[in-house]
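Undergrad: Have a look at the structure that comes next, please.
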Amino acid sequence: MLRVAGRRLSSSAARSSSTFFTRSSFTVTDDSSPARSPSPSLTSSFLDQIRGFSSNSVSPAHQLGLVSDLPATVAAIKNPSSKIVYDDSNHERYPPGDPSKRAFAYFVLTGGRFVYASSVRLLILKFVLSMSASKDVLALASLEVDLSSIEPGSTVTVKWRGKPVFIRRRTDDDIKLANSVDLGTLRDPQQDAERVKNPEWLVVVGVCTHLGCIPLPNAGDFGGWFCPCHGSHYDISGRIRKGPAPYNLEVPTYSFLEENKLLIG
């Protein structure tokens, strides 16, 4: 008797629970007629969330089909999940390059290294050259020359500001010959007295006015200087007489400190 009564109680309890869940899945409309709920998945997910068992965790919102208005970071904190989601966009592997293009790649890399090395070399040279004297300092440099050892009719060459300077001790015949030249026949007309401070001494820069070559002293058709590069002839006063040079030899700034002391610059 007791066993039969227990079976009847268990069957009635099961029917009551099934009736409860079946009724909860229906909604009553305005016409008082039962209607099927339009979202059975929402009801099942809601039933899963109200369970109190510790073994069942709440599923993330994106698995339940729910759209959350919370930011992704906040949603991840409120709904933690042990499922690891990899961001494939940050782990994308590029396809291997074409082997036929390796030569070009090596050429580009080698050229870049060469340009880099050249730039470093230029920077080092610029730094080293900046430690030398500037052009302003070199422009103020002067040179003192002793004239006592120069024989009449001879020419000596000294270096001043990186350029050769010709110093010629002229004889009386040289002075007469320089003053007897007709200025009308000169390409760059200039009297001998305008080019010297002492008629005995002629001081000129030893650079041809054509293309910058160094003329040879005591040579040429006029007894002065001859440029072997293109055949320019200068007379005993350093004036151009023949050849492609357009101007006379330059006269630098100089002065006599003593009778036999010359200061150039």
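Here, residue 1 is simply the first one shown, and the rest follow in order.
Placement of Cβ uses the backbone N, Cα and C atoms for every residue, glycine included.
I grabbed these lines from Swiss-Prot:
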{"type": "TRANSIT", "residues": "1-53", "note": "transit peptide"}
{"type": "TOPO_DOM", "residues": "54-102", "note": "topological domain 'Mitochondrial matrix'"}
{"type": "TOPO_DOM", "residues": "126-265", "note": "topological domain 'Mitochondrial intermembrane'"}
{"type": "DOMAIN", "residues": "175-263", "note": "domain 'Rieske'"}
{"type": "BINDING", "residues": "Cys208, His210, Cys227, His230", "note": "[2Fe-2S] cluster binding site"}
{"type": "DISULFID", "residues": "Cys213-Cys229", "note": "disulfide bond"}
Undergrad: Can you tell which of Cys208, Cys213, Cys229 has the most other C-beta atoms within 10 Å, given these are the recorded positions?
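TA: Result for the most crowded candidate: Cys208.
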Undergrad: Fewest neighbouring Cβ atoms within 10 Å: which of the binding-site residues His210, His230?
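TA: Among the binding-site residues His210, His230, the sparsest Cβ neighbourhood within 10 Å belongs to His230.
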Undergrad: What does DSSP assign Cys229 (disulfide bond), in three states?
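TA: Where Cys229 (disulfide bond) sits, the three-state DSSP reduction gives coil.
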Undergrad: Cβ within 8 Å of the [2Fe-2S] cluster site's Cβ centroid: which residues qualify beyond Cys208, His210, Cys227, His230?
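TA: Near the [2Fe-2S] cluster site, beyond Cys208, His210, Cys227, His230, sit Thr209, Leu211, Gly212, Cys213, Pro215, Cys229, Gly231, Ser232, Gly243, Pro244, Ala245.
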Undergrad: Under 8 Å Cβ-Cβ from Cys227 ([2Fe-2S] cluster binding site), six or more apart in the same chain: what's there?
TA: Cys208, His210, Cys213, Ile214, Pro215, Leu216, His233, Tyr234, Gly243, Ala245
Undergrad: Given the model, what does the mean pLDDT over the domain 'Rieske' (175-263) come out as?
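TA: Summing pLDDT over the domain 'Rieske' (175-263) and dividing by its length gives 91.
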